Amino acid sequence: MDRKQLQHQVASTRRSLFDQGYLDDQFIQLEHLQDEANPNFVEEVVRLFYSDSVRLIQNIEQAMINKSNIDFGKLDDYMHQFKGSSSSIGAKKVMKECSKFREYCYAGNIEGCIKIFQLLKQEHATLRRKLETYFQLVKQAGLAESA
Amino acid sequence: MMENNGFSSPRNDSFPAGLRVLVVDDDPTWLKILEKMLKKCSYEVTTCGLARDALNLLRERKGGYDIVISDVYMPDMDGFKLLEQVGLEMDLPVIMMSVDGETSRVMKGVQHGACDYLLKPIRMKELRNIWQHVLRKKIHEVRDIETLERVESFQMTRNGSDQYEDGHVLCGEDLTSIKKRKHIESKHDEKDTGDSISTKKARVVWSVDLHQKFVKAVNQIGFDKVGPKKILDMMNVPWLTRENVASHLQKYRLYLSRLQKENDFKNPAGGIKQSDSPLRDSAGSFGSQNSINLQHNDVSNGSYRFSGSSLVVHNGDPRSHDSDRKRLVSTPVEEPKRTFTVNVPNPCIPRSSQMEFGHPLAPPQSEVDFGALDSTFPTKYPWCGIPEIQLKKEHNPLHLNDEFSHLPLPGQKQLTQADYPQPAPAISSAPSLTPSHNEYRSNVNHASSTAIAVDSSPIQTKTNVANHQAIELISKSTPSLENQGFNMNSITEFESSRKNINLGMLPFTTLEEDLQVCWVPGDCYMNLGLQNIEVLEYFDPGLITDVPVNLNDGLRFDYEFNDPTEYSLIDQSLFIA
């Protein structure tokens with residue numbers, strides 16, 4: 001694929017991420033922050049998010065282990081943190097699930113929480129794949145450019 | 001020193017570039033993003049993942065940071081607690097952040113002293129304006145200290161003490177203080193009003209007598225061993241709370257340390273030292289500082305706080321503290337009596353409160369324009385209040401963003417801790433000020449003073465831009481208002497003579513130095529010529545004189561400061577705001 005084609009692909013992949021609601025404006029903010037000093041800023045931030053979310057997810061799962069004795073306050077706090085973190089990269093769909101989760105939490109519905117959390121993790125993983133693909137494309141297009 | 005034109009130090013030159021920000025957030029992703037955003041704003045950033053680490057850093061490097069931004073939720077310490085600690089120990093402006101924008105949370109933040117509350121995801125534009133909080137705080141600080149000084153000087157000189165009796169107010173940071181100002185006469189009224197506002201620190205009007213009691217208690221206990229509780233007990237004032245005393249003590253300490261510093265410094269501008277002795281002699285000597293301060297402070301500080309009686313013009317600028325100090329000390333005690341004939345009296349306070357310039361004695365003048373203000377503002381507002389109000393108008397636009405959006409707006413400003421000057425209701429009158437603004441311009445020359453009709457519009461637009469400049473330049477002269485920074489902008493627009501600008505404009509340093517030069521205790525003042533004097537009410541007369549000198553340099557604002565006269569007018573109108 002030549003450079004131009006790659007660039008096209010990058011652009012359309014990117015657009016679809018927004019169109020399909022995976023990402024919101026925050027992602028664009030990150031792109032704006034990328035500059036000569038930090039040429040891979042967006043990718044770095046996304047990686048950081050994903051590596052940090054491992055521990056956040058663990059916290060939540062731990063808090064839901066003992067179904068008969070759930071500390072919903074704590075659970076809500078953890079989810080609040082996770083949501084905050086997701087907002088950093090503009091993970092729109094993930095955040096939606098976070099909000100739903102907090103509603104169940106508020107209602108004291110642990111089963112609901114568990115179900116939603118599964119969906120949440122799926123969205124989380126899906127976005128990760130998509131972004132990885134996207135960044136690879138970007139690199140390829142960049143390489144093609146310099147070639 | 002002074003003449004720095006404000007360009008001398010890197011900070012001054014390009015304020016707010018180089019603003020030293022400490023960011024605290026347990027989320028590493030956000031920390032990275034915020035760091036990048038702040039760097040793009042040309043700020044100096046330090047990041048912290050833990051609240052404890054942040055506190056340690058702040059303690060280790062006192063004065064090493066200008067502002068703190070912290071997340072509400074942190075694993076090792078509640079963000080609100082950190083907020084309180086920082087406010088108490090370092091008295092730095094703190095901005096809270098959170099994904100949660102619930103009103104109750106925001107309210108809590110405000111109550112605990114946050115100067116702003118940002119919602120995540122945070123946009124860079126929101127961070128661009130955080131310097132406002134630093135500026136504002138400086139102005140308030142100056143104002144408060146000036147007030148303290150004034151109170152002290154009253155005690156010392158006993159001049160017109162009756163005038164000030166009621167008018168003494170610590171132009172406080174709180175919006176609630178605006179309310180209080182209305183009842184300048186009665187400190188108790190104010191207290192009540194203030195107390196009714198559910199802010200963490202209720203504003204109290206520190207009258208001469210009250211402050212006297214305070215100082216007496218401090219001296220009895222021994223300055224080293226002093227503590228709010230002990231003071232409170234000794235003062236035996238039933239309605240006073242520990243918090244009131246604590247915050248007053250903090251200001252007092254700042255005031256004294258400034259004096260100390262000034263003493264240590266050589267004050268080129270002029271005899272700052274002279275007054276040292278009287279000033280420093282005791283806690284009580286504070287007051288004399290006022291007069292001196294005006295002179296120097298005005299020039300350099302820009303941040304005059306018009307808190308009312310003390311003419312002390314402080315540089316709002318944190319950096320300029322030292323320089324301010326110098327200024328402060330500059331005039332010997334006798335100053336008050338003489339020099340400020342001009343109208344130094346507090347512009348803010350209709351009543352006797354003196355001008356912030358540290359002219360303790362100049363009470364009468366202040367009344368001057370307040371009357372005029374009446375129509376537009378609630379007259380009662382002490383000088384300090386006025387500017388705030390004014391700012392309010394402007395402030396909003398300035399604020400550019402968002403920060404305010406989630407805070408209760410001016411109308412409710414009372415909830416906001418100190419930092420927001422906007423006295424909400426009064427501001428509505430601001431528009432009316434605009435026209436006066438123009439008038440002021442022309443009037444500046446004459447003692448009409450007061451109403452600094454700060455044109456909100458100019459301010460708004462300019463604010464961002466001008467602020468930079470203004471701040472640099474004006475730092476010194478900022479009229480007590482927080483707005484000062486903003487006012488400056490507007491003023492610059494007006495171009496009032498540089499002098500004017502000095503007066504209140506930039507709390508941040510740059511001007512300081514310039515101002516200093518000009519100010520010669522008492523003498524300078526005369527040189528300026530009266531026009532500025534009017535302005536003096538709000539500003540240190542000295543400033544005015546100095547202004548020419550420094551202003552030019554300092555003023556660097558983008559806007560032209562053309563006409564001093566105008567400036568003075570503006571200043572006045574600003575106050576009225």
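Glycine is no exception: its Cβ is also placed from the backbone N, Cα and C atoms.
The feature region 'Disordered', as given by TrEMBL for the ranges B:338-363, B:416-441, B:442-467, sits at B:416-441. Confidence over the domain 'Response regulatory' (B:20-135), given as mean pLDDT on the 0 to 100 scale, stands at 90. For B:D71 (4-aspartylphosphate), other Cβ atoms within 10 Å of its Cβ number 24. The DSSP breakdown of the domain 'Response regulatory' (B:20-135), given as helix, strand and coil counts, is 54 helix, 24 strand, 38 coil.
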